[in-house]
Amino acid sequence: MSWITPIPTARCHGADEPTRTVVSNLPYEDQRPRNQPNRRYAGNAVKTNKYTLWSFLPINLCEQFRRLANIYFVGIAALNFIPEVNAFQPQVALIPICVILTLTAIKDAWEDFRRYQSDRELNGTPCLVYSRSQHGFVERRWKDIQVGDFVQVLANDIIPADILLLHASDPNGVCHMETANLDGETNLKQRRVVSSFCAVKSPFDPLSFNATVICEKPNNNLNHFKGFLEKDQIKIGFGIESLLLRGCTVRNTAAASGIVVYAGHDTKSMLNNNRPRCKRSRVERKMNKEVLCCVFLLFCMCLIGAVGHVIWLKTFSSVPIYFIPDSDGNETPSVVAGVYRFLTMIILLQVIIPISLYLSIELVKMGQVFFITQDIDLYDKEKDTRMQCRALNITEDLGQIQYVFSDKTGTLTENKMVFRRCTIMGTEYPHTENAVRLAILAGDADVEEHVLYQQNTRPPLFSLEEAHDLEVGGHVRSSALPMDRHRHRDSTAGIPSLAFSSPLEREVIPDQNLLRSVKEVERRGVAGHWGLQGATHLEFFLALAICNTVVVSTETAQRQRVRGPHNSSRSRGLLPECMEGLFAQFPCLRQLSSCLKSVSCRRHSLSEDPVQSTLYDIPTSSSSVVSEDEVQGTPCKGHTRRRQTWTASSLAGPKEVHYEAQSPDEAALVHAAKAYGFTLLERTPSHVSVRLPSGTTLTYEVLDVLTFDSVRSRMSIIVRHPHTKEIILYTKGADSGIMERLQNSFEDRSQMKSESRVIANKTQKHLDMYANDGLRTLCFTRKVVSEKNYYDWLVLRQGAMAAIDRKDELVRKTAADMETNLTLLGATGIEDRLQENVPETIQALREAGIQVCVLTGDKLETAVNIAYSCKLLDQQDLVFTFNTENTEVCKNMLSGTLAQLPLYDTQEAKVSVGLVIDGRTLGLLLDSDLQEGFVQLCTHCRAILCCRTTPLQKSRVVTLLRSKLGVMTLAIGDGANDVNMIQAADVGVGISGQEGMQAVMASDFAISRFKHLKKLLLVHGHWCYNRLANMIIYFFYKNVAYVNLLFWYQFFCGFSGTAMIDYWFMIFFNLFFTSAPPIMFGIMDREVSAAVLLQLPELYRRGQHEGGYRRSTFWIAIADAFYQSLVCFFVPYWTYKGSDIDIFTLGTPMNTASLFTIIFHLAIEIKSWTVVHWVIMVGSVVVYFVVTLAFCAMCVSCNPPSDPYWTMQEQMSDPMFYLVCILTTVVALLPRYTLHALRGTLVPSDHLRARQIDNMPPHHRDLWLQEWKKLKDLCASYPSLSSSTAQRYSTAQSPSLTPVQDPSPSLAQSPSLTLVQDPSPSLAQSPSLTLVQDPSPALAQSPSLTLVQDPSPSLAQSPSLTLVQDPSPSLAQSPSLTAVQDPSPSLAQSLNPKLAPNQGLNSAAL
């Protein structure tokens, strides 16, 4: 359709105007660049590298000096050039900072060089640009393209710039574009020529183009584009549907041509090509405070040195002869000398600020990221994707997460939509046969039991790909199908396929009642006139087929792909005997069997094809390319009888079509319509064709498409009927956006027709039922529009589409004006199954102390159902539901709920609280007046579920809780609507799912499954946080311990700033001798294994409370450093006191003992030793001795008058040297070692116990872990159980437990009492349990008591306790028996299986 508006407009040429004006470059081709009309706009050459050969050094240094630490150390080195205050040779003082700056510069230069090579290759890519002089398209390079050039892109070529599509080889003016390079989406997107610009079938002549393109300024929004073509005061509007994006690939189109509107860095792809986000982790922010503490400590030590030097000078009555006067021969005053010594002490003690800490942290994080990405458990074999770390500097934040905010669809669920049931005109069709098929495909063994979202990790019994008929003779062949299935899955892992095209989604078995209704209408011949009674069913399926944006692929329009080797043994597999027996046993499955065999006939040709059906994109010129439809269209040779059942396979016809949808919902609905014979054959911008069950093809003229947006929650299509010529509007959307727009809506009940009211009420009930079952619901409506009303509306629509300011708002308003007085056709229920292990992951996160909040756009009933399925909510939870639009009511509900919460938060009766909020109510709670109460309520809830939320509300919830509570937050999602939430959280995690890669591109970490979040946080997050925290603490300790050696020596040299250690050794000590061990410590240390961390999620809590990096931990390490430095200084000092050794001979044992102390200190802290640990630790000591011996042998006059020549050789020949080093190291480390031993013996932490369990043999480790979990369950059942009792119980080693149950009917009447025999002493001391101590032998021989074999697996490992149920009141009065009230609900159910689930042991008396 055309949008031509005779409205004059003013052209905008200024660079600062809100629009961009583009004209053709062809008339100015021979003129100079300064005369080009589009010269103000960026060219198409891209430059992502930061440096040139001449600018590298200054720019890189400026960037490095943004770090205050580098400025500090350069200032210290410059200070050393002042003769009055220098402590070392000035040139040598520059070595440490120069080494750090050089290493960083080399790393930056290498990264920038790789970017330069990539830019050079990209800019040199050839393309076709129209030339006026040659009257055709000529080959040029990408970097030569300018805005205003005409570019032609051929099939399978990458688009070089953002091009406004003006011509396409397709007769319908359509160009298909694949955006996988841009956003990761593999499904095709349609682009069409600007409406009414030129005849699509005529050749395109750029020389005849004399219009002006006016569009919006460059922006990074990939989904929106607006502008218009202006020619002779006529405006032709266009949108994103006419823009070819740079970096995408043209598919299914021989050639497409257009004018460049954005080039180079102005293109949408480049504006979205952000560099990895630079975040600062919480540990780094806290570390900066510790650096300030070290600065304060350095100031204090320098001040002590300055004051001490002044006092020392005043002790001399006359000036000593060894005092050197200044240049004028005058003596330096004591105060000035004190100032000089203060600066000298800063130079001498500068190492207290760890210069290499920042570089070490970067290296450690790179190592952590490497091991995370290489984790095989985080690799998705199906998608061939591994975990991605896009932000390299916040890995430790993964170990401190307190709140997780998650999307639902595609994050918790598969986002693979399966059609389940529908309702048409108030009649519900459950599709029972289809539900049974889905249950079997899901691996459900019990076909009679319908369990929604049942998670099953076992392979399915069979798949439709493996179900094939027999040849004549009917013999069943039962080959090793599981092995073949496994082999096929291995061979095809990671191979891309069509979007949303799995058999689970494609195949739909029709409901027989609905099928008969459709056939009856067809038989009566009402298909040609849609207004008659009974045609509503046909209208419903027509709406399913055409009210969407699905792209149709056929034999000629499908992406061409190459095939790999195929395993024919799998394809020849037939229905197993077990399945035939299952069909024979259940009569309801006989029809399903015939349907499956009918489907298998259609697929039988695949078994005889020597090539595999998995496809890859290649150019169509390859001779090995075979269309997928050509294979699937082969007749079934083994099928000799024609099936009489009317199914999807019989309706499909001889020519198969394939669908590629941007949304899995649309794909499921189109396949459902196809199952009933309404096959979508073709879709172009001008028409859409549907084949009816009778074989008749209807081709509708498409007048307009009102695309979906989250505000309206609807999408519509306006078509003209080919026979009646009526203008019909088909609309689909959520019930919240449809029901209020029905003809005679609920608000006008006085004029509502009785029939319409009944249908609407019945449909609403069915929608509620679908939502309660966890299905996604959509309503479908129809409206006949008169010609006059349509053309009146079209004028407004044209003006809205040609607008630039407020275009979205105007377009949305015109769509809402059309979508009124709708007639309800029906509704659908689509299932989106949970991903694998989602309940277990959420349960583990909660045990780890992480609060999980789900923010979804689904309706409340659907979200609540899935919340229970994924264990976000539990049946025992107290759930508060907020669903109101009134602010006052919302305020009263909030205050009332907050008043009730203290009643449920007592130690005796602690109740788990859940919170469910509707989107409208959430908008009220986010207002400033109710924010404080909402935040307070969230702190009391173990689970939060927000429904009908918008992307903005998601980000506001995350921002509010993060800022108000000061907690570490993580947001995880898979779609574009989750980007705001992901960017608002401290840590953003994207899932590479069915909705493209926009969430991944905006995230810090990317995974492919929600279950991977469990190991990412509980294992890698725990490891990264503890490793980095321990390494930082150790770094501060190491530097303080070493620099204090120099400080203590100042008390014996008059605070003159003299060092007893050669300054080369001081430089080497931190740069080489002790640099590798802490880096290895930060990368590879492992306190607890991954298996134990996954089984004991509560170990994660230490990171949430900053248990690994507290201020107290820092000061304890500093105090220990002071003590160890005292020992390392005074033990050698007292040993050599009174001798005639020189200054470096005294410093050598101090330096050596300090190295041993620091290395062995780290050895005490290391939790797990590997070969790498031993090599680096021993290697550091070896390197120290090798370098020291070599330096002392070569340094004859390095530091006159005292040189270290042959110092180490002489020391190593003296036995006293070894004794001093050993004694000093032992005395220095004795307090820390003793503290570790006492803490591990008297007050062991949970991590220490877990490490002890981890070191046990496997069978003992499993037993201890079960005991640990049993204690945790016991504490959860009895909140009043004291912690001391829990600890005693956890360490008690009772041999076993044996449950006893009374089978007699009389005993079943007293379920509230339980007797326990022979408990362990520690358990008997529990204040909340009263147990039986050694009852009489008569009781053990009672005939009414019977031993049973372990009704609960958790009790199997503990057979030392005997549990019985009170058989009669007389037994309760026995002096040797005491009743126990409700040990746990799970125990009650295992003791008496006859009890109902909610009739367990009564716990009211506890």
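Glycine is treated like the rest: Cβ placed from N, Cα and C.
Note that TrEMBL annotation is computational and uncurated.
What TrEMBL says about this one:
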ACT_SITE  Asp407  active site, 4-aspartylphosphate intermediate
BINDING   Asp407, Lys408, Thr409, Glu666, Phe708, Lys732, Arg776, Thr856, Gly857, Asp858, Arg948, Lys954, Asn977, Asp978  ATP binding site
COMPBIAS  1289-1392  compositional bias 'Polar residues'
DOMAIN    34-92  domain 'P-type ATPase N-terminal'
DOMAIN    1000-1244  domain 'P-type ATPase C-terminal'
REGION    1289-1406  region 'Disordered'
TRANSMEM  291-312  transmembrane segment
TRANSMEM  339-361  transmembrane segment
TRANSMEM  1049-1073  transmembrane segment
TRANSMEM  1114-1135  transmembrane segment
TRANSMEM  1141-1164  transmembrane segment
TRANSMEM  1171-1196  transmembrane segment
TRANSMEM  1216-1235  transmembrane segment
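Away from its own ends, the transmembrane segment (339-361) comes close to residues 67, 69, 72-73, 76, 79-80, 82, 84-88, 93, 96-97, 100, 103-104, 284, 291, 294-295, 297-298, 301-303, 305-306, 309, 332, 1028, 1031-1032, 1035-1036, 1038-1040, 1042-1043, 1046-1047, 1050, 1055-1057, 1059, 1066, 1070-1071, 1075, 1078-1079, 1082 of its chain (Cβ-Cβ under 8 Å, at least six residues beyond either end). For Arg948 (ATP binding site), applying a Cβ distance below 8 Å and a minimum sequence separation of six or more within one chain yields Ser736, Gly857, Asp858, Lys859, Leu860, Asp918, Gly919, Arg920.
Packing against the transmembrane segment (291-312) from elsewhere in the chain are residues 69, 334-335, 337-339, 341-342, 344-346, 349-350, 352-354, 1036, 1039-1040, 1047, 1050-1051, 1054-1057, 1114, 1118: each is 6 or more residues past its ends and has a CB under 8 Å from a CB in it.
The Cβ of the residue listed as 'active site, 4-aspartylphosphate intermediate' has 29 neighbouring Cβ atoms from other residues within 10 Å, across all protein chains displayed.
Proximity to the residue listed as 'active site, 4-aspartylphosphate intermediate', judged by a C-alpha distance within 10 Å, picks out Asn977 from the binding-site residues Phe708, Arg776, Asn977.
In this structure, the binding-site residues under consideration are Thr409, Asn977, and the one with the smallest number of other Cβ atoms within 10 Å of its Cβ is Asn977. The 10 Å shell around the Cβ of Gly857 (ATP binding site) contains 22 further Cβ atoms across the protein chains shown. Summarising the environment of Phe708 (ATP binding site), the number of other Cβ atoms within 10 Å of its Cβ, over all protein chains shown, is 19. Sequence-distant neighbours of Arg776 (ATP binding site) (same chain, 6+ apart, CB under 8 A from its CB) are Thr409, Met417, Asp665, Gly829, Ile830, Glu831, Asp832, Asp858, Thr862.
When the record's ATP-binding residues Asp407, Lys408, Thr409, Glu666, Phe708, Lys732, Arg776, Thr856, Gly857, Asp858, Arg948, Lys954, Asn977, Asp978 are compared pairwise by CA position, the greatest distance found is 25 Å. The domain 'P-type ATPase N-terminal' (34-92): residue composition by secondary structure is 26 helix, 0 strand, 33 coil, according to DSSP.
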